[in-house]
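These notes concern the structure reproduced below.
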Amino acid sequence: MAVPRNLRRQPANGSLVSHCTHHHIAVFLLTFFSYSLLHASRKTFSNVKVSISSQWTPSDLNTTALELQPYELWNSSHLFPNAEEATLFLGTLDTIFLFSYAVGLFVSGIVGDRLNLRWVLSFGMCSSALVEFVFGTLTEWLHFYNKWFYCCLWVVNGLLQSTGWPCVVAIMGNWFGKAGRGFVFGLWSACASVGNILGAFLASCVLQYGYEYAFLVTASVQFAGGIIVFFGLLISPKEVGLPELGEEQEGSAEEDANKPLISNNEEEEEDQNYSIQAPDTSNQPKAIGFFQACCLPGVLLYSLAYACLKLVNYSFFFWLPFYLSNNFGWKEAEADQLSIWYDVGGIIGGTIQGLISDMLQKRAPVLAISLLLAIGSLFGYSRSPNSKPINALIMAITGFFIGGPSNMISSAISADLGRQELVKGNSEALATVTGIVDGTGSIGAAVGQYLVSLIQDNLGWMWVFYFFILMTSSTILFISPLLVREIRLLLHERRLRMRTG
Amino acid sequence: MVTNIADVCSCCPGPVRSGSSVARYCAVRPGLALQGRCCLRGEPEPGVIVGLDLGNCSLTSLCAGFPDASTAVVIDLTENPLENIPSTSFQGFTRLQSISLPRALQCPGGSMAWDLNTTLGDSRTCQGQRNLCNSSGELAWLCPENSQCSPDGPGLVQCLCSGNYHGYKCLREGTFPLLLFYGILGAVTTTLSLLAWGSQRRKAKAS
């Protein structure tokens, strides 16, 4: 876990382990599970879709002459005339959710930095749990089915759910320093996948009692999580009198060592530009403005890069089971199980790539190499033979090279960007920056869901993969300026070491 | 006596015609009583219609209160200018064993819903209602998942939830242990909150 080169250069700074208190573990677990629970309730919705559309439609019989009796039992529900239209509506709800989630991310980051992160996270979890309860359970108990009401609730749910990610990343960024961040965040970003598994498990356990209980259980557990977060989460080390990260880990050795070398570098220029923009932020931690946050170096480029990458990543989440059952004729349940391997690859990829980037102390080169390999694996996956083990293997490899960088940008890199040198004076930029990066990414993902269905309908699956390859290449294009800069920095450092050592 | 039974029993003036199938049915069974056009059961189900004689009532369509007679075993509709009876009129008439009609009309639910279909003079008599759910023939009824076929009158069947299944389309099985769930969740939440507060936030300064 410790970074050898780092240790040699800054022994006083210590490794990750020596700083790891029980507070760190508690924060890791609490943020991990609060985001898992948020994701679990999203997964529940996609897992009960069949039951919901059944509830919303009359019985579908091929022979219209013989109507099932009694009428109340079989045909009294007429929200949609048939299952196809109900499915279409459920897809629309997904899109509505993604868009309102994306918009919400921009807002919640800003709110999170201005209010207490713990309150915002706890409020987001509890209120979104209530909305899910009304959406899935209350409407069913009251037999009140209304399309517009459902749409409104899902818009509100998207906005409330969006408070989760910026807050948990900001809190994690407060506790875990840049040195081990890549590895810790790589491990930590398994929370979304764990949430998916948890949601699928909870839903399948209680679905026999009716879909409303799947919502009831996940919403109640999420609400309980919000309460525990409220009572137990420490948002920053300074709350218990531990030293803040910025003071001892991030600022000192690394930046000091680089300072003389990059004095002519563009980073310095931007620093000056920035201090002109915000001259009075040095004394008191004050939240950063939205546009200031956008102007931080790297934020805009990483946001655009993430928009392209999250598009590909989310398309895999949403379309992979459908692609497998559609293209290879595998059973839906089997395809669902098989698609877990993409998640597994993503978690391993995020962790290993995070670890490598910690050792290099640079993230862009790792991303770039991984994405180049991703293009290759996408090409390979599109030509996967009709064999489950081989398909699962290539799927895991694709997950490793696409899910890994995606996890890294949304967590570790967002935290880097929000706690970089330039915002040290006002440390409350973390949630805002995370919100911007993930928000842009979610817009990309939402647009992508539409584009993928369009391309698949008109041109076929092969063109969907070409589209993914195009998007992955665009991601590389967007991070290339950062890549050039970081490689230049790496070379500087090496030259310095060779001269001194 | 219950008042609302009078509706169908008095939709045609006069008593049950002597010599009608309803009168014969009522006469040979103890505990039954005639009232208006009906033959009613006594204790333990007072007022339940077991026979209905609407013969010679100049009916062109069935009376409004006809569904009240769904418990009837014997029905007589002969000597009426009835033209057509919708098949759903007999929905729920599961006990019906004998019905007499003007000859021009078919047995309700078709002749295959009955064991015997006899004509005598101007009248037709359908006897022995068949249970279509048990028939293995052409009309073997397929009910959706979690439900089973149940007779619903001559030529009619319905699908009712089987076993523990209930709710719309019989999608639900059993009842959710709501109290148990919230009990456990509440206990776990309280414990974890106390634990987390005690170990983490107790010493926290207001930020």
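All residue numbers here begin at 1 and follow the chain in the order shown.
Keep in mind that glycine also has a Cβ here, set from the backbone N, Cα and C atoms.
Note that the coordinates shown come from a computational prediction; the quantities given were computed from them, not determined experimentally.
Feature annotations, courtesy of TrEMBL:
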| type | residues | note |
| --- | --- | --- |
| COMPBIAS | A:246-255 | compositional bias 'Acidic residues' |
| DOMAIN | A:27-487 | domain 'Major facilitator superfamily (MFS) profile' |
| REGION | A:246-278 | region 'Disordered' |
| TRANSMEM | A:21-38 | transmembrane segment |
| TRANSMEM | A:86-107 | transmembrane segment |
| TRANSMEM | A:119-142 | transmembrane segment |
| TRANSMEM | A:148-171 | transmembrane segment |
| TRANSMEM | A:183-209 | transmembrane segment |
| TRANSMEM | A:215-235 | transmembrane segment |
| TRANSMEM | A:299-320 | transmembrane segment |
| TRANSMEM | A:340-357 | transmembrane segment |
| TRANSMEM | A:364-381 | transmembrane segment |
| TRANSMEM | A:393-417 | transmembrane segment |
| TRANSMEM | A:429-451 | transmembrane segment |
| TRANSMEM | A:463-484 | transmembrane segment |
Completion exercise
Highest Cβ pair tally under 8 Å against the transmembrane segment (A:463-484), stretches A:119-142, A:364-381, A:429-451, lands on A:364-381
Fill in the blank from the handout: Note: vs the transmembrane segment (A:429-451), the recorded stretch with the largest number of Cβ pairs under 8 Å from A:148-171, A:215-235, A:340-357, A:364-381 is A:148-171
Completion exercise
Stretch winning on C-beta pairs under 8 A with the transmembrane segment (A:340-357) (pool: A:119-142, A:148-171, A:183-209, A:215-235) is A:183-209
Handout entry: Stretch-level contact, the transmembrane segment (A:299-320) and the transmembrane segment (A:148-171), CB cutoff 8 A, at least 3 pairs
Key = no
Practice task
Please indicate, using numbers and ranges, the residues of the same chain that are 6 or more beyond the transmembrane segment (A:393-417) and have a C-beta under 8 Å from a C-beta there.
Solution key: 165, 169-170, 172-173, 176, 178, 181-182, 185-186, 188-189, 296, 298-299, 302, 305-306, 309-310, 312-313, 316, 320, 338-339, 341-350, 352-354, 357, 363, 366-367, 370-371, 373-374, 377-378, 380-381, 384, 430, 433-434, 437-438, 441, 472, 475
Fill in the blank from the handout: Beyond a gap of at least 6 residues from its ends, the CB atoms lying under 8 Å from the transmembrane segment (A:21-38) belong to 121, 124-125, 128, 161, 164-165, 168, 171-172, 175-176, 184, 188, 190-192, 194-195, 198, 218, 221-222, 225-226, 228-229, 232-234, 237, 240, 242
Handout entry: Recorded stretches the transmembrane segment (A:148-171) and the transmembrane segment (A:364-381) touching, at least 3 CB pairs under 8 Å
Key = no
Handout entry: Contact between the transmembrane segment (A:215-235) and the transmembrane segment (A:86-107) (at least 3 Cβ pairs under 8 Å, separation 6+)
Key = no
Exercise for the section: Go through the chain and flag residues at least 6 beyond the ends of the transmembrane segment (A:364-381) whose CB is under 8 A from any CB in it; none is fine as an answer. Expected result: 309, 349, 353, 356-357, 391, 394-395, 397-398, 400-402, 404-405, 408-409, 465, 468-469, 472-473, 475-476, 479-480, 482-483, 485-487, 490
Fill in the blank from the handout: Model confidence over the domain 'Major facilitator superfamily (MFS) profile' (A:27-487), as mean pLDDT, sits at 82
